[in-house]
Amino acid sequence: MSMSSIFSRPRLVVKKVLARAQNEGDGAIVRRSIGRPELQNLDPFLMLDEFNVSPPAGFPDHPHRGFETVTYMLQGAFTHQDFAGHKGTIRTGDVQWMTAGRGIVHSEMPAGPGTHKGLQLWINLSSKDKMIEPKYQELLHQDIPKVEKDGVSVTILAGESMGIKSQVFTRTPTMYLDFTLKPGSEHHQPIPKTWNAFIYIVEGEGVFGSSDSTTTPAHHCLVLGPGEGLSVWNKSSKPLRFVLIGGQPINEPVVQYGPFVMNTKSEIMQAYQDYQLGKNGFERSRQWCSK
């Protein structure tokens with residue numbers, strides 16, 4: 001294991017936030033990292049939840065406008081259905097990239113008994129994309145590219161790692177990598193210089209940024225400062241699993257009211273009104289409820 005970064009300017013950890021458990025939806029438990037008071041957002045990211053749900057809990061019918069949600073299942077399965085008749089189940093290792101655009105109303109509920117866990121990321125859309133038609137990209141575990149080398153395995157949900165690219169189209173340019181490092185291994189991952197980036201530790205503990213920084217355990221979100229890329233070391237005796245997420249900042253005002261994220265207060269009022277009255281993308285919400 002080398003003790004130094006391969007980057008002349010490695011990205012160092014500039015903020016560390018513990019994602020504490022809180023209640024959300026109908027009886028669900030989430031650990032929110034981005035989106036809590038200490039880290040309201042990290043342009044272009046609005047929220048990251050690690051969710052833990054057992055029936056009958058879940059996320060019943062609710063709307064979205066103005067951003068994308070990315071759901072990545074770590075354990076179990078979730079069934080989602082929306083007011084356009086789109087329905088499906090994502091299982092362990094599957095990902096659903098949902099562009100809500102001008103409006104979606106949907107439910108997300110566990111698909112069977114037991115514990116269901118995953119990550120849900122909210123990615124903002126630029127003002128020109130906020131009112132586009134809704135769209136889904138769904139990828140099964142076996143169709144998501146994976147690479148393994150020198151004790152490091154990576155699943156490439158979006159972006160590129162170790163020379164392998166994801167096929168996902170990211171309207172807001174984004175990378176989303178799921179790493180597992182065996183004990184004693186290290187990895188050096190380039191990140192586009194203009195992008196914001198962060199890490200969320202799923203299990204184990206790791207050393208991030210510089211090899212002499214302190215070890216950070218699971219359920220922490222680490223915001224990375226400027227530089228060329230991330231260096232990480234697993235100096236422990238157990239595997240380390242974390243996601244590295246980065247994106248190009250949109251640099252526009254963010255006004256959020258629950259599930260609506262727009263650029264101005266008047267657009268938020270409009271979104272709320274459209275949802276209440278079933279207009280401008282929410283036409284189908286008046287007659288619909290999930291089964």
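Every residue gets a Cβ built from N, Cα and C, even glycine.
Residues or ranges marked as Fe cation binding site in TrEMBL: H62, H64, H106, E108. Within the same chain, residues at least 6 positions away in sequence whose Cβ sits under 8 Å from that of H62 (Fe cation binding site) are V105, H106, S107, P259.
Helix, strand and coil counts from DSSP across the domain 'Pirin N-terminal' (30-123) read 0 helix, 63 strand, 31 coil. Positions annotated as domain 'Pirin N-terminal' by TrEMBL: 30-123.
Residues annotated as domain 'Pirin C-terminal' in TrEMBL: 176-281.
In terms of DSSP helix, strand and coil, the domain 'Pirin C-terminal' (176-281) has 13 helix, 49 strand, 44 coil.
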